[in-house]
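Chemist: Pulled these features from Swiss-Prot for this protein:
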- Asp570: active site, proton acceptor (ACT_SITE)
- Ile420, Ala421, Lys422, Gly423, Ser424, Asn425, Gly426, Thr427, Val428, Lys442: ATP binding site (BINDING)
- Asn100: N-linked glycosylation site (CARBOHYD)
- Asn104: N-linked glycosylation site (CARBOHYD)
- Asn119: N-linked glycosylation site (CARBOHYD)
- Asn132: N-linked glycosylation site (CARBOHYD)
- Asn221: N-linked glycosylation site (CARBOHYD)
- 352-382: region 'Disordered' (REGION)
- 31-323: topological domain 'Lumenal' (TOPO_DOM)
- 345-841: topological domain 'Cytoplasmic' (TOPO_DOM)
- 324-344: transmembrane segment (TRANSMEM)
Amino acid sequence: MPPRCPFLRHLFFLLLLLSPWIMSPCGGAADDVTYPIVPSSPGRRSILQIRREPPTEPNTKLVVDRDGKVFLKQQPKETPYWSFSTGSPMHSLYQAPANNNTENATEITRPHIIVEYLNNSKAATTVDGYHNWTVQEFFRQKPLVTDDGVTLGSETTSAYLVDGRSGRLIHVYKSTGDTKITNALVKPASTEDFVNEPLLIRRTDSKLEHFSKTTGKLVWNLTVSHFRAALLCDPVFNSGYDLGPKLQTGIYMPLLCGSQIDVRGPEIVIRVLHDQPMNVKMLPSPSLNHFESENSIMPFGKARESRKLQEQHKQKYTYLFGQWSPVKLLAPLVLLGVVVSVFIKKFSSRGSDVSLKAGPSKKKKNRKSAKDTNRQSVPRGQDQFELIEGGQMLLGFNNFQSGATDGRKIGKLFLSSKEIAKGSNGTVVFEGIYEGRPVAVKRLVRSHHEVAFKEIQNLIASDQHTNIIRWYGVEYDQDFVYLSLERCTCSLDDLIKSYLEFSMTKVLENNDSTEGVAAYKIQLDSLEGVIKGNNFWKVGGHPSPLMLKLMRDIVCGIVHLHELGIVHRDLKPQNVLISKDMTLSAKLSDMGISKRMSRDMSSLGHLATGSGSSGWQAPEQLLQGRQTRAVDMFSLGCVIFYTITGCKHPFGDDLERDVNIVKNKVDLFLVEHVPEASDLISRLLNPDPDLRPSATEVLLHPMFWNSEMRLSFLRDASDRVELENREADSEILKAMESTAPVAIGGKWDEKLEPVFITNIGRYRRYKYDSIRDLLRVIRNKLNHHRELPPEIQELVGTVPEGFDEYFAVRFPKLLIEVYRVISLHCREEEVFRKYFKCDII
């Protein structure tokens with residue numbers, strides 16, 4: 001017998017001694033008294049505190065009335081706690097006027113359809129000549145062909161983001177894109193944009209339209225609305241006992257955080273004339289799922305199912321142990337656990353001794369830690385609100401089946417162990433697959449759930465924009481929150497460094513190990529397909545059209561965020577991601593510390609929580625001053641400088657940047673060869689936030705103009721100053737000519753070829769120190785390019801790119817100096833509005 005058998009024998013005798021005491025009841029029938037199972041979720045009391053009040057039902061409920069107004073009501077008195085309107089009634093019915101003027105008309109035609117609301121105590125009555133349908137039965141029949149026409153169905157969805165505590169309407173999402181209705185519904189709010197209990201009410205309007213088979217005209221249409229609610233907060237906000245977050249003392253939300261429920265409304269019966277058959281010649285089409293069955297779209301929240309499971313546990317508990325005192329039950333179980341743990345310890349130690357003596361194993365086995373096992377066994381909280389796309393909530397199981405073993409499944413997410421990037425506060429980004437699509441999985445420590453859900457809220461608000469990273473869903477386990485985000489190729493920082501072939505000597509100078517160098521080579525190799533065939537700089541260091549396009553993408557993303565009232569607050573090259581489709585595009589990401597301002601707010605105040613990254617923050621952020629949208633514009637200036645100069649910073653090296661930002665010690669020498677960039681960056685880095693341009697103004701800056709627009713502006717400017725009289729002391733002409741030393745740098749004929757000067761001298765005389773005369777030359781040669789001699793055409797190049805480059809190389813500061821004068825004196829004139837107004841460009 002093996003040496004550990006005596007220990008097993010002792011354990012067996014001990015269990016025999018304990019078994020009579022364990023199995024004998026204290027008296028009384030086992031079915032008389034039951035004890036509820038205590039949930040083992042974090043933050044609740046231990047099993048020693050098992051005596052507690054039984055869980056109570058929610059004392060509030062969400063309902064909707066006939067007018068489409070959603071209420072949170074306290075039970076049992078049905079007292080409204082808050083309410084908001086969704087803008088239109090629950091149902092609408094239109095019936096075309098009947099034609100009763102024909103010769104055969106003997107009686108007034110009855111309506112095809114009658115819609116009736118039922119009270120709780122009223123049953124659906126029958127009406128002669130009509131057949132009663134429930135909403136589910138009626139809408140399940142679409143589309144169809146009847147003897148008198150065709151019935152078609154459609155569906156639109158709206159989502160209303162509400163503060164669950166106050167009922168304040170935060171935002172409206174409409175699949176129809178009706179921004180006028182959206183703006184009319186949302187009232188300005190002065191409170192903090194982030195709320196702990198964001199409640200999303202989804203309204204689905206299902207519409208049937210019946211058209212006459214003979215005339216093709218609309219006979220009738222019927223629209224009925226269905227409401228669904230999802231509470232988007234983290235489950236840690238739940239109050240326990242299967243109750244949602246507490247609104248005030250004794251009042252709780254009717255659903256748990258992360259769950260969804262139907263919003264109940266008045267019951268409707270639809271009466272249809274018998275001569276309107278509803279069950280013939282069905283046309284193939286997807287049904288209106290939310291009318292098929294309540295569980296086919298979204299099961300009810302966890303509260304109801306968990307109570308059923310709890311009742312089953314209570315029965316098993318009573319049947320197995322009888323009417324036992326919890327303390328008497330606990331003592332032998334604890335003792336038994338101690339004995340078993342001692343046994344396991346001895347067994348494992350002896351087993352390890354044997355394995356050491358036997359030598360190393362020939363076959364390694366994959367073993368998972370207890371922590372990983374727990375993560376895999378953690379049930380998926382409740383019906384999670386996974387995805388908003390085009391205003392609709394998309395649910396369902398993930399059909400993805402991966403043969404990969406290097407990862408694990410969390411709800412709908414397959415999380416790979418391959419790490420993409422690391423961030424602050426324990427944030428790590430992994431590869432993953434969510435509902436069959438490759439995603440980047442941002443893993444945040446669960447204690448930072450506010451950051452995660454704030455990021456989700458702002459990603460939802462800014463969804464569907466090509467320059468904002470897409471959010472697909474969220475999953476949880478015991479320790480982390482997992483955000484499934486759009487998968488991109490690399491960051492802007494990686495792209496620039498890879499393109500410049502960030503040398504190995506630079507890596508070695510930073511004291512990286514040989515392994516680090518090897519890893520960086522792998523990174524460069526992985527991006528070779530992205531940078532191959534793309535040019536980011538022209539000869540001479542000017543940004544290429546592709547680089548300008550990427551920087552314009554960044555600005556477009558900021559414009560979109562600022563229009564929504566969202567301030568990013570952490571803009572830097574690492575948070576700009578690059579996506580490769582037909583061409584490269586830039587997308588803003590990492591909105592964990594972003595803030596959303598209501599419409600009547602101009603700033604975030606002096607104590608806005610969270611801070612951006614060192615070296616990329618505006619001075620008012622570093623000094624904890626009043627923060628506005630201008631903080632993003634300062635960071636944008638640093639990013640543009642960093643991109644154009646190839647990873648250089650306008651405020652110096654890493655350690656000195658914050659100090660230099662506060663002292664306004666900026667060095668723009670490296671971009672002075674690109675005057676348009678130098679002008680824009682200097683304005684963006686202005687220490688006074690009120691003097692920085694807005695995102696829309698940046699988008700219209702000459703730095704982002706193409707050759708055609710640059711030439712068009714110079715031609716319009718020439719036309720404008722051509723009629724000005726020098727003797728009349730023209731302000732605009734004086735301002736224009738005063739910039740000549742900078743814009744021209746001497747006499748402009750000295751910078752043009754003799755053959756070109758000879759050609760223009762045939763027609764008129766010019767003043768070679770005058771900007772007006774130089775603009776006249778550019779305008780005339782541009783307007784008559786086809787009539788120029790072949791040698792002159794070859795010299796100035798093709799229109800517009802070649803022609804623009806010819807003069808831009810010789811007079812690099814001409815455009816920006818003329819732009820400044822026109823901006824100051826003529827920006828409101830009709831001819832120049834397209835260069836300064838976003839609604840025109």
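Yeah, the Cβs are placed from backbone N, Cα and C, and that goes for glycine too.
Structural setting of the listed features?
Modeler: Secondary structure from DSSP puts Asp570 (active site, proton acceptor) in coil. In this view, Asp570 (active site, proton acceptor) is surrounded by 25 other Cβ atoms within 10 Å of its Cβ, with every protein chain counted.
Other C-beta atoms found within 10 angstroms of the C-beta of Lys422 (ATP binding site) number 9, with every protein chain shown included.
Around Asn132 (N-linked glycosylation site), a 10 Å sphere centred on its CB holds 16 further CB atoms from the protein chains shown.
Note: Asn221 (N-linked glycosylation site) has non-local neighbours Leu93, Tyr94, Lys207, Leu208, Glu209, His210, i.e. same-chain residues 6+ apart with C-beta under 8 A of its own C-beta.
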Chemist: If I take the Cα of Asp570 (active site, proton acceptor) as reference, which of the recorded positions Asn132, Ile420, Ser424, Gly426, Val428 has the closest Cα?
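Modeler: Ranked by Cα distance from Asp570 (active site, proton acceptor), first place goes to Ser424.
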Chemist: What's the CA to CA span in angstrom from Ile420 (ATP binding site) over to Asn132 (N-linked glycosylation site)?
Modeler: 59
Chemist: Restricting to the record's ATP-binding residues (Ile420, Ala421, Lys422, Gly423, Ser424, Asn425, Gly426, Thr427, Val428, Lys442), give me the longest CA-CA distance in Å as a whole number.
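Modeler: Value for the max Cα separation, rounded to a whole number: 16 Å.
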Chemist: Can you tell me the CA-to-CA distance separating Asn132 (N-linked glycosylation site) and Val428 (ATP binding site), as a whole number of Å?
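Modeler: A Cα-Cα distance of 58 Å.
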Chemist: Tell me whether Val428 (ATP binding site) sits in a helix, a strand or coil according to DSSP.
Modeler: strand
Chemist: When you measure from the Cβ of Ser424 (ATP binding site), how many other Cβ atoms are you left with inside 10 Å?
Modeler: 11
